[in-house]
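Peer 1: Before I ask anything, let me first share the structure, which is written out below as structure tokens.
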Amino acid sequence: MRKPTALIILDGFGLREETYGNAVAQAKKPNFDGYWNKFPHTTLTACGEAVGLPEGQMGNSEVGHLNIGAGRIVYQSLTRVNVAIREGEFDKNETFQSAIKSVKEKGTALHLFGLLSDGGVHSHMNHMFALLRLAAKEGVEKVYIHAFLDGRDVGPKTAQSYIDATNEVIKETGVGQFATISGRYYSMDRDKRWDRVEKCYRAMVNGEGPTYKSAEECVEDSYANGIYDEFVLPSVIVNEDNTPVATINDDDAVIFYNFRPDRAIQIARVFTNEDFREFDRGEKVPHIPEFVCMTHFSETVDGYVAFKPMNLDNTLGEVVAQAGLKQLRIAETEKYPHVTFFFSGGREAEFPGEERILINSPKVATYDLKPEMSIYEVTDALVNEIENDKHDVIILNFANCDMVGHSGMMEPTIKAVEATDECLGKVVEAILAKDGVALITADHGNADEELTSDGEPMTAHTTNPVPFIVTKNDVELREGGILGDIAPXMLTLLGVEQPKEMTGKTIIK
């Protein structure tokens, strides 16, 4: 008989004292409450820097499963760059230094591309400010800014405040000038609408497009015509004599400071790929030997990468496989990628001895119409696997508290919590009957806050702590744990040595 060690992830099940708008607290959940009272338990931090996000930012399912499976804090791109700036590593980055060396030796210009806002989804203007300060420190004289206006991840008419903030840094450092301005609708298309990207390219390379004496004038004129940040036409900033402040020329260098790839790929390809055929670039196609992308955008972009992908070696799944143990990953459609791809550190392939079970999520418009989703089918399939003694390690996700929680509707979400509790009982009972151990936790909160203080639906995730219960009475748990500490604790229970790459600390004392 196998004694399974199961990790049960109650997606979106956070803990909060206040019962108002709290579907987790208001639901009848005798199984969870019983385990909480009977077995060793604690809470874990599932948001902010504890999961590699900026301080105070709510967690999400992708990040949660990545951290849990990796057994360490997996820094997301925004935080990774922030930490590099804070710790002084940013200025030493080899790709930045190489681009700077190139323009200084050749007497050419450094161009900074990117989304100018503090939205933090595709970019952060603080990263561009760090580049301006670096250029000033290294004595680069010609630095030009090609600002992509946001209006989508931030308010629709906020560009002026970001231009003002940039001008402050230009004043402070003595380097940098705006060269072109364009709305992200043009510069950051991802749907192969190449006519939009072409307008942007022609402004940057040929100085073609509406001309303005300043970035401020460009924005004011656009607003006067009812065109707001996202949709500002690619425009050229000109000197007093109406010549462009700068265009992109041979041997110039570019640093593209967006860190999220999807909307950066197309415009990057126009500049980096010699075989580019999506539109005719015209006679002037500048040769850019140093085109630096903040992160790895795509195999289709021939540029240098400042922050290379982090290889997550020795995730929980890999370590379990190396120990010769059999593992099962099981979830319904909505969370299947999370218990497989994300849990395995961004790996699609199965490990040796890994089995996967996918149960289809119900075909309904929104899950508040069917709060139980496919939880009973998932549970039946899993209990059957446990009874057949097939696996040493089980990774299970129950999707309901998150997927129904996104509706912001109390009644359906309470039903989702209650269905989750019912099935949690069945699974834990089956595990205990085999003398196994269950670790019950969540990846982030959601169902714990369904209403705002005004009584409006709250559809987002929360920053509340998540539970951690071990159904074994002879263990002691420490306080202050994070999601990255779960895998080390599981390895402790399995009697498998924790690899050095796994920097989380076991929650089991």
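Glycine is treated like the rest: Cβ placed from N, Cα and C.
Small disclaimer: the values here were computed from a predicted structure and weren't measured.
What Swiss-Prot shows for this protein is this:
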ACT_SITE  Ser61  active site, phosphoserine intermediate
BINDING   Asp11, Ser61, Asp443, His444  Mn(2+) 2 binding site
BINDING   His122, Arg152, Asp153, Arg184, Arg190, Arg260, Pro261, Asp262, Arg263, Lys335  substrate binding site
BINDING   Asp402, His406, His461  Mn(2+) 1 binding site
MOD_RES   Tyr35  phosphotyrosine
Peer 1: Measuring Cα to Cα, how far is Asp402 (Mn(2+) 1 binding site) from Asp11 (Mn(2+) 2 binding site) in Å?
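Peer 2: Distance (Cα to Cα, whole Å): 5 Å.
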Peer 1: To the nearest Å, how far is the Cα of Arg263 (substrate binding site) from the Cα of Ser61 (active site, phosphoserine intermediate)?
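Peer 2: It is 22 Å, counting Cα to Cα.
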Peer 1: Just to verify a number: CA distance, Arg190 (substrate binding site) to Ser61 (active site, phosphoserine intermediate), in angstrom, no decimals.
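Peer 2: Answer for this pair: 24 Å between alpha carbons.
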Peer 1: Whole-number Å distance between the CA of His406 (Mn(2+) 1 binding site) and the CA of Asp11 (Mn(2+) 2 binding site)?
Peer 2: 11
Peer 1: Arg263, His444: which of these binding-site residues has the sparsest Cβ neighbourhood within 10 Å?
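Peer 2: If we count Cβ atoms within 10 Å for the binding-site residues Arg263, His444, the smallest count is at Arg263.
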Peer 1: Taking the residues His122, Arg152, Asp153, Arg184, Arg190, Arg260, Pro261, Asp262, Arg263, Lys335, which the record names as binding substrate, find the longest CA to CA distance and state it in Å to the nearest whole number.
Peer 2: 31
Peer 1: Which of the recorded positions listed here (Ser61, His122, Asp153) have a Cα atom within 10 Å of the Cα of Asp11 (Mn(2+) 2 binding site)?
Peer 2: Ser61
Peer 1: Can you check what DSSP calls Asp402 (Mn(2+) 1 binding site), collapsed to helix, strand or coil?
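Peer 2: Going by the DSSP assignment, Asp402 (Mn(2+) 1 binding site) falls within a helical segment, counted as helix.
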Peer 1: What is the nearest of the recorded positions Tyr35, Ser61, Asp443, His444, His461 to Pro261 (substrate binding site), using the Cα of each?
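Peer 2: Considering only the listed recorded positions, the nearest one is Ser61.
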Peer 1: A 10 Å Cβ contact count, applied to the binding-site residues His406, His461: which residue has the minimum?
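Peer 2: His406, out of the binding-site residues His406, His461, has the fewest neighbouring Cβ atoms within 10 Å.
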Peer 1: Provide the number of Cβ atoms within 10 Å of the Cβ of Asp11 (Mn(2+) 2 binding site), excluding the reference atom itself.
Peer 2: 26
